[in-house]
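Enquirer: First, the structure itself, so that you have it in front of you.
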């Protein structure tokens, strides 16, 4: 059976989702989970786009050992050089170069002729091949490119040294038959096509990204580019979990499969959802909360008699299992450590002690600790930079039906250890909290989005708050988790501000290095 390579673009195309702003620690956490999932290639970012992205890609490339790490680059020597510097220490460095090929892009964006685009594509593939053992070349907007011209340029970049050819449906325009036909046409009209792997990259603007990806496989694609939970530009990318399970369950139809560890899908989905702040719809295939729920009486009756009557996928296949162990205030260190191991976390004794102390503090507020609670607890500690910005200390809010909500907040400036306390009022309790935080922080901050959701079921479930703010005109997002909604709201606000302060600090450092170098 044919093996399909899985090229995950959660950290590059996925992070381009509106409102998503991952820091380097969060990107590394996702990359490590993608490695556990068993993807073949991780597209870690766009190294030339910013100093922060460069450093994140570099750290991921140096850390990940069991899959290839790649970065995106325009057909520009500076982009290729930046990608090489970021990726050269990786296990199997590769680059992903792109240039638009459709007439609409050539005319309105590139202002180039077809011949000029061909020359540039060939030149940049040759340049990249001098450094990278594997060069992937993408024809941006291939779906709206005339097939004879697409075949011409594909043939020439293969001769120039490309190892993988990506034919993306950049705007999610094609039907499955139309998209599959592009791969069939390349197989039939490009003489040297057998020297490369063909890759599919589909967007979901018309809701056909997964179907188009499967059609590409049926017509010769060797690699699928996708993102966890289908996140990405506009309506998103093809959902990795849907393609992977479709190949596994229906390999009789597709005659192909991946080598993913499917039992890691649910955990990966949850991690990406938590860190990006993009909630997974309850009815989302494979990983949604309702994916394995049966409510209709007729369905329940059949399911109880024989699961296969209404269930084509077992929950265990994708890592959806009932908690084998309920943790609470009387749970010991051994049970706690065992649960962390089950969840895929490996820590030394000092880290176990630190997290166990945090766990015990949580049990004083919450009767039963779920897997989601543990994951949230650990992630907040692992991915937060505690050297820059403000640390939340305490919050007190007075409000009632006949009172003006008043909040008092205590913070610590983590750079100079200065303690600060302020109070302010607001039209509501959340506004009072944010007005108070605004008085503590000497920045022009504006709240542009606020969302709240429960971590799971139950009256004592942890609250998760996601916010988007502008800090001195620069957009940033943040999240906070606590049992109290107002505390979670305060932490989310500070998290967003601190993220921007970290970015500003990195940028200032880069400017100083540049000034010294010049």
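Count begins at 1; order follows the chain as displayed.
Cβ coordinates are placed from backbone N, Cα and C, and glycine is handled just like the others.
Just so it is clear, the model here is predicted, and its values are computed rather than measured.
Heads up, here are the entries from Swiss-Prot:
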- 4-266: domain 'Pyruvate carboxyltransferase' (DOMAIN)
- 13, 201, 203, 237: Mn(2+) binding site (BINDING)
- 391-518: region 'Regulatory domain' (REGION)
Enquirer: Give the residue from the binding-site residues 201, 203 that has the most other Cβ atoms within 10 Å of its Cβ, counting over every protein chain displayed.
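Expert: Counting every other Cβ within 10 Å of each candidate, the maximum falls on 201.
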Enquirer: Which are the residues of the chain, 13, 201, 203, 237 excluded, whose CB is within 8 A of where the CB atoms of the Mn(2+) site average out, their centroid?
Expert: 9, 168, 170, 202, 204, 209, 225, 226, 227, 232, 233, 236, 238
Enquirer: So which one is it: of the binding-site residues 13, 237, which has the fewest other Cβ atoms within 10 Å?
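Expert: Lowest Cβ count within 10 Å among the binding-site residues (13, 237) is 13.
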Enquirer: On average, what pLDDT score does this prediction assign to the domain 'Pyruvate carboxyltransferase' (4-266)?
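Expert: So the average pLDDT across the domain 'Pyruvate carboxyltransferase' (4-266) works out to 97.
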Enquirer: Going by DSSP assignments with H, G and I as helix and E and B as strand, what are the residue counts for the region 'Regulatory domain' (391-518)?
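Expert: The breakdown for the region 'Regulatory domain' (391-518) reads 45 helix, 56 strand, 27 coil.
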Enquirer: Where does residue 237 (Mn(2+) binding site) sit in DSSP terms: helix, strand, or coil?
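Expert: Once the DSSP labels are grouped into three classes, residue 237 (Mn(2+) binding site) ends up as strand.
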